[in-house]
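Working notes, structure below.
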Amino acid sequence: MGLNLTLTKLPGNELYSQASHTANSTSEGHGKNSTLHNKFDTIILPVLYLVIFVASILLNGLAVWIFFHIRNKTSFIFYLKNIVVADLIMTLTFPFRIVRDAGFGPWYFEFILCRYTSVLFYANMYTSIVFLGLISVDRYLKVVKPFGDSRMYSITFTKVLSVCVWVIMAILSLPNIILTNGQPTKENIHDCMKLKSPLGAKWHMAVTYVDSCLFVAVLVILIGCYIAISRYIHKSSRQFISQSSRKRKHNQSIRVVVAVFFTCFLPYHLCRIPFTFSNLDRLLDESAHKILYYCKEMTLFLSACNVCLDPIIYFFMCKSFSRRLFKKSNIRTRSESIRSLQSVRRSEVRIYYDYTDV
């Protein structure tokens, strides 16, 4: 599911495809370009991934702690908990990339990344994408179709649907692990596709197409839900002013989801999808491949940044989460401060009247 800049194709599941090492070998002797490329691979990328690794551990660790104290009252909260799990698993793959890119691992360390780590990274990235789509559908149903089929709103249905998502992603991912069974050597270790069996290579490409279609489907759902909610709120705000403020908050919530989705996932797929469904890579020269490699790595980094941006969704969209966070931090929300001030004033009034009645 990553770009492989040995590029015969834009394959899917190689997060740690050996584009950097292939590009290094082809760029040797090119002076400044080679030095810049080496610094990008061995210094800049490891530092960037180290930063988001530390940030993600802190943010998602806090999220796990808070969600542990929140009951599964709604399907929305349950979807958020699934995203936390996916983000944490995805985060745990970062150290492997950092070690590889910084040059600290042995040569056969590449095999671990090809067979396990890259598969886990992409499986959990697309799991997060699916749950973001489910959250947008949940917001649409709660705002536009609040009196629809009751089974769609039950927590049992949500749990079953969530299990189905994890099972499907496991079914797509496990063959990529099992069929990456080639004998690693110093000659083939830098190309993950050479470590796959013939069936593994075909499965890998099939999963690449499935994931690309999955992204497009979720993108369409997100945009469709956002437009539908916006239109409904605009239409109903003229009739029911008291209810529209609450529904406007739902609209702001889905805006956060759309913003995170577009920021993290759209750039990478704009870079990847044209190559997945065409033979554009055959038309590119070496300099174009190098530019594509930099674009791929930076847009892939943006996708990885999703693990740090998802906590923003928890904070702005989940009242239970923000309330629990403020409570644990001894910080009052604005509404709580107003209620507390009103309570104090009422107490002062009662004391005044009690005193004057004496």
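Even glycines carry a Cβ here, placed using N, Cα and C.
For 1-47 (among others), the entry in Swiss-Prot reads topological domain 'Extracellular', with the evidence type sequence analysis.
Taken from Swiss-Prot, the feature N-linked glycosylation site covers N4 (among others).
Residues or ranges marked as N-linked glycosylation site by Swiss-Prot on the basis of sequence analysis: N24 (among others).
Residues or ranges marked as N-linked glycosylation site in Swiss-Prot: N33 (among others).
According to Swiss-Prot, the feature transmembrane segment maps to 48-68 (among others), an assignment based on sequence analysis. Beyond the ends of the transmembrane segment (48-68), by six or more residues, the same chain brings 77, 80-81, 84, 87-88, 91, 94-95, 97-98, 101, 301, 304-305, 307-308, 310-311, 314, 321, 324-325, 328 to within a C-beta distance below 8 angstroms of the stretch.
According to Swiss-Prot, the topological domain 'Cytoplasmic' annotation covers 69-75 (among others), on the basis of sequence analysis. Across the topological domain 'Cytoplasmic' (69-75), the model assigns an average pLDDT of 84.
The transmembrane segment annotation in Swiss-Prot covers 76-96 (among others) and rests on sequence analysis.
Positions annotated as topological domain 'Extracellular' by Swiss-Prot, on the basis of sequence analysis: 97-116 (among others).
The disulfide bond annotation in Swiss-Prot covers C114-C192.
Within its own chain, the transmembrane segment (117-137) has Cβ neighbours under 8 Å at 1-2, 12-17, 76, 79-80, 82-83, 86-87, 89-90, 92-93, 96-97, 161-162, 165-166, 169-170, 172-173, 176-177, 192, 211, 214-215, 217-218, 221-222, 225-226, 254, 257-258, 260-261, 265, 303, 306, 310, 313, 317, counting only residues six or more beyond its boundaries. According to Swiss-Prot, the feature transmembrane segment maps to 117-137 (among others), an assignment based on sequence analysis.
The feature topological domain 'Cytoplasmic' is assigned by Swiss-Prot to 138-159 (among others), with sequence analysis given as support. Long-range contacts of the topological domain 'Cytoplasmic' (138-159) within the same chain: residues 72-76, 78-79, 225, 228-229, 232-233, 247, 250-251, 253-254, 257, each at least 6 residues beyond the stretch ends and with a Cβ under 8 Å from a Cβ of the stretch.
Per Swiss-Prot, the feature transmembrane segment maps to 160-180 (among others).
Swiss-Prot lists 181-208 (among others) with the feature topological domain 'Extracellular'.
The annotation transmembrane segment is assigned in Swiss-Prot to 209-229 (among others) on the grounds of sequence analysis.
According to Swiss-Prot, the topological domain 'Cytoplasmic' annotation covers 230-256 (among others).
Residues 2-3, 7, 9-10, 12, 129, 132, 135-136, 139, 208-209, 212, 215-216, 218-219, 222-223, 226, 292, 295-296, 299-300, 302-303, 305-306, 309-310, 312-313, 317 of the same chain, all 6+ positions outside the transmembrane segment (257-277), place their C-beta atoms under 8 angstroms from a C-beta of that stretch. Marked as transmembrane segment by Swiss-Prot: 257-277 (among others).
Counting Cβ pairs closer than 8 Å to the transmembrane segment (160-180), the top stretch among 76-96, 209-229, 298-318 is 76-96. The local packing around C114 (disulfide bond), expressed as other Cβ atoms within 10 Å of its Cβ over all shown chains, amounts to 29. For the topological domain 'Cytoplasmic' (69-75), residue counts in helix, strand and coil come to 1 helix, 0 strand, 6 coil, using DSSP. Across the topological domain 'Cytoplasmic' (138-159), DSSP helix (H, G, I), strand (E, B) and coil residues number 16 helix, 0 strand, 6 coil.
According to DSSP, C192 (disulfide bond) is assigned to a helical segment.
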